[in-house]
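Asker: TrEMBL feature annotations, pasted as is:
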type     : residues                     : note
ACT_SITE : K237                         : active site, proton donor
BINDING  : G31, T32, G33, T34, V35, G36 : NADP(+) binding site
BINDING  : T110, K134                   : NADPH binding site
BINDING  : E222                         : L-homoserine binding site
DOMAIN   : 31-138                       : domain 'Aspartate/homoserine dehydrogenase NAD-binding'
DOMAIN   : 169-364                      : domain 'Homoserine dehydrogenase catalytic'
Amino acid sequence: MNALVEDLRTSPAHGGAIPRPVAQARLALLGTGTVGSAVLARLAAWQDSGFAPGLQLAHVANSRRAVDGEAGLAPGLARARLDGSDQASRLDDVPAALRGAGKSIVVDATASAEVAARHAAWLEQGIHVVTACKLARGTSLAGWQAVEVAKSRGGSQYGDAATVGAGLPLLRSIRDLRAGGDRIHAVAGVLSGSLAWLFNHYDGLRPFSGFVRNARDAGYTEPDPREDLSGEDVRRKLLILARAAGVALEQEAVEVTSLVPPDMAALGRGEVDAALPRLDPLLRQRYAQAYKNGEVLRFVARLEQGRARVGLESLPADHALAGGAGTDNRVAIWSDRYRDQPLVIQGPGAGAEVTAAGLLDDVLRIAAS
Ligand SMILES: NC(=O)C1=CN([C@@H]2O[C@H](COP(=O)(O)OP(=O)(O)OC[C@H]3O[C@@H](n4cnc5c(N)ncnc54)[C@H](O)[C@@H]3O)[C@@H](O)[C@H]2O)C=CC1
Ligand SMILES: N[C@@H](CC=O)C(=O)O
């Protein structure tokens, strides 16, 4: 914490988390990796403190196994129960596991296209979906529209705060501006937490590939870091933001400049780690050029004048998009009311804990609605 800012946790006025009465809701958590484990940890902490007592964990699954708990699984024990379970993970079983009193909510903490393909069907059945996975809304326009149609048919809600900015109030701000009558003119910024971290740390001296391994091990990258390095993950985030802003973009409309050499893009997942040093020559050269110009490298997404593009840019160090530290996303939004000076939103844009918090904020919002 910044020493100039008083730490409110130690202030006498700080009262801790207020127990929150939540109407009963049954949750199915899909994915117990980096993000899913943090969801379980947050639910376990809530259970200990008595916060949000109405939430009941009815089903937990990873790609191989599943475990059900009709009366609710203890979040702190769910991983151990899952590891010892002989129940196979089957997406067809999810609706039945959620049957019971209160709202039914699927929490998608996977990176699975197969799970994303179920979102619309669940919504249509009245099951709410909260997701960190961008594949349902950030790929084809038809996929995005299918979610919209299914929500209105099923009277269900879709919590997507964690899909962009790991829960930062980005989508919410764009939707609030539009709900207040504003048109969104442009959006530009750093949308990748892992790439932000990489370009905040890379010094042109040590190999870029080593930093990629560190970002992966810290849980900032996608399960396959090429998703980040190729710009594909940022493309999905920009598409989600653009569509929320009222711009119905097809995924091919985003110009993406990848950092991944073609020979590395073609490799199998298991071969990626050994091939990471293939990134080093291009990044060393881009860094040296930027350094010579007194600039910094940032991986930027832009939606301006109907044109959408994503790629590495060399920016003056005092440029509005160059600020921030760590995994910070930094996004500028221009609208009718923010015509000259944009609204700028900055904060950590990757990491298990912030993402889990973003997912559970959406769960609480839906449970309370
Ligand atoms: N790591 C981060 O900082 C952030 C991640 N996200 C998103 O969160 C999602 C999860 O990311 P990680 O936790 O890093 O991935 P991970 O690879 O650590 O975990 C993925 C989990 O999904 C499970 N899974 C795969 N297919 C499944 C299926 N059919 N049914 C049930 N479970 C299945 C896997 O077994 C694993 O437990 C991704 O979509 C990612 O884009 C979003 C914001 C930030
Ligand atoms: N891999 C992503 C994680 C969040 O979506 C990123 O680096 O931003």
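Every residue, even glycine, has its Cβ placed from backbone N, Cα and C.
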Asker: In terms of Cα spacing, which of the recorded positions K134, E222, K237 are within 10 angstroms of T32 (NADP(+) binding site)?
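Answerer: Taking K134, E222, K237 one by one, none has a Cα falling within 10 Å of T32 (NADP(+) binding site).
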Asker: Among G31, T32, V35, T110, K237, which recorded positions lie by ligand 1, judged by Cβ under 6 Å to any atom?
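Answerer: Among G31, T32, V35, T110, K237, near ligand 1: G31, T32, V35, T110.
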Asker: T32, T34, V35, G36, E222, K237: which of these recorded positions put a Cβ within less than 6 Å of any ligand 2 atom?
Answerer: E222
Asker: Given the recorded positions T110, K134, E222, K237, state which is nearest to G33 (NADP(+) binding site) when distance is taken between Cα atoms.
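Answerer: Of the recorded positions T110, K134, E222, K237, T110 has its Cα closest to that of G33 (NADP(+) binding site).
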Asker: Count the other Cβ atoms sitting within 10 Å of the Cβ of G31 (NADP(+) binding site), across every protein chain shown.
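Answerer: Step by step: centre on the Cβ of G31 (NADP(+) binding site), count other Cβ atoms within 10 Å, giving 23.
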Asker: Which one is it, among the recorded positions T110, K134, E222, K237, that lies nearest to G31 (NADP(+) binding site) by Cα separation?
Answerer: T110
Asker: Other residues near the NADP(+) site, CB within 8 A of the CB centroid of G31, T32, G33, T34, V35, G36?
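Answerer: Along the chain, the qualifying residues are S37, A38, V39, N62, A109, T110, A352.
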Asker: Out of G33, G36, give me whichever of these binding-site residues has the highest number of other Cβ atoms within 10 Å.
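Answerer: The most densely surrounded of these binding-site residues is G36.
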Asker: Can you give me the average pLDDT across the domain 'Aspartate/homoserine dehydrogenase NAD-binding' (31-138), rounded to a whole number?
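Answerer: Taking every residue of the domain 'Aspartate/homoserine dehydrogenase NAD-binding' (31-138) together, the mean pLDDT is 97.
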Asker: If you draw a 10 Å sphere on the Cβ of V35 (NADP(+) binding site), how many other Cβ atoms land inside?
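Answerer: V35 (NADP(+) binding site) is surrounded by 27 other Cβ atoms within 10 Å.
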Asker: What does the structure give for the C-alpha distance between K134 (NADPH binding site) and the residue listed as 'active site, proton donor'? Integer Å is fine.
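Answerer: If we compare the Cα positions of K134 (NADPH binding site) and the residue listed as 'active site, proton donor', the gap is 7 Å.
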Asker: Which ones are near the residue listed as 'active site, proton donor': of the binding-site residues T34, V35, G36, T110, E222, which have a Cα within 10 Å?
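Answerer: Final answer: none.
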Asker: Give the helix, strand or coil assignment DSSP yields for the residue listed as 'active site, proton donor'.
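Answerer: Going by the DSSP assignment, the residue listed as 'active site, proton donor' falls within a helical segment, counted as helix.
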Asker: Could you give the Cα-Cα distance between V35 (NADP(+) binding site) and E222 (L-homoserine binding site), in whole Å?
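Answerer: So the Cα of E222 (L-homoserine binding site) lies 11 Å away from that of V35 (NADP(+) binding site).
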